[in-house]
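Annotated in TrEMBL:
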- 21-46: compositional bias 'Polar residues' (COMPBIAS)
- 1-55: region 'Disordered' (REGION)
- 163-190: transmembrane segment (TRANSMEM)
- 196-214: transmembrane segment (TRANSMEM)
- 226-243: transmembrane segment (TRANSMEM)
- 269-291: transmembrane segment (TRANSMEM)
- 312-335: transmembrane segment (TRANSMEM)
Amino acid sequence: MGNSVTARAGYNQFKDDAPAPNSSAAVLEMSQNGNKNEIKNYTSPQPDGGQKEEKEKLTTVASTYFNEKIPIPDLDKEECFSFRKLWAFTGPGFLMSIAYLDPGNIESDLQSGAVAKFKLLWVLMSATILGLLMQRLSARLGVVTGNHLAEVCYQNYKKVPRLILWVMVEIAIIGSDMQEVIGTAVAFYLLSDGKIPLYAGVIITIADTFTFLLLDRYGLRKLEAFFALLITIMAVSFGYEYIRVAPDQGEVVKGLFFPYCDNCGSKELLQAVGVIGAIIMPHNIYLHSALVKSRDVNRENRKEVREANKYFFVEAAIALFISFLINVFVVSIFAEGFYDKTAPEIYNNCLRHDNPHADVFNVNETELSVDIFKG
């Protein structure tokens, strides 16, 4: 979902079917006017006088995706923090956090647990914190300027750099979509006990992608609520599994806060790189800067801008914290169940618990190979 929106927005802003405007970067000037603080946007003069044409074109493209503005309640009394306002700003962060829970992340988590147990949890936490900082900058860009990152690149770069950026982002999106489409197809294969083959799962995934995009027609809040529901289902499901498996909590805490990796080699190092790559996604920065534009914020009012930045950061922090917990659950479950285990050991354990899929591990291999396709 997020990749599709980002791809369309990025293409419309980076491509250059029309002559590129000669505008320079927008300058934000903070001015004091009586009792009101204002933020004024200035654009440097253009020889061809095309500021108005450029602004109209950008507004038209943006309004294609975000023609609905969510109102922010104006409370009478001054409050340091309002849960009512936080609720109004809630949504973009959870849509953005889907990228932290895609099939690529789940695959990376289970491989990390099976290969290094809890030793790479600190890498997961560090990558999530870095991701939060980048998402904060992305949200602030959208709130302060009123433009998403692709529009800002269009305004400030010439044709060649814009095309290079567009191609780079498209490659990143394609690479991410490959793992997401294949991962979803594998999920259908596992849930149907092999009755839905991979090619059919890919077709279903393509169809449901357009179905999710159609949800936008019923209102932005409904779309945000739908994806928040999906995240809740994941949290409850993996949380239940985490409680059932009951890993050593001391080892989990040690893995989170002590940057160590005893007896680690190239295999563990490669998995650590995979964890970072699964968390940090460049197209997600473009997406978040566009999603925050859906809130009705008066950018000429300094107080409203500052308030929006605060609540968007709190909301993003909550969303990424939930996604981080889910990732920790997955790593811990597979670490407890598969780390340093042989296939016969797993097979006997499955027989003790009457697992109907025990035959998957009925092999003579001494080293267990963890593969999400095998379930």
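Using the three backbone atoms N, Cα and C, a Cβ is placed for every residue, glycine included.
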Maximum Cβ pairs under 8 Å to the transmembrane segment (226-243) - stretch from the list 163-190, 196-214, 312-335: 312-335
Cβ-Cβ under 8 Å with the transmembrane segment (269-291): same-chain residues at least 6 beyond its ends: 2-3, 5-7, 9-10, 62, 65-66, 91-93, 95-96, 99-100, 102, 104-105, 107-109, 111-112, 115-116, 120, 123-124, 127-128, 130-131, 134-135, 137-139, 141-142, 147-150, 152, 168-169, 172-173, 176, 261, 316
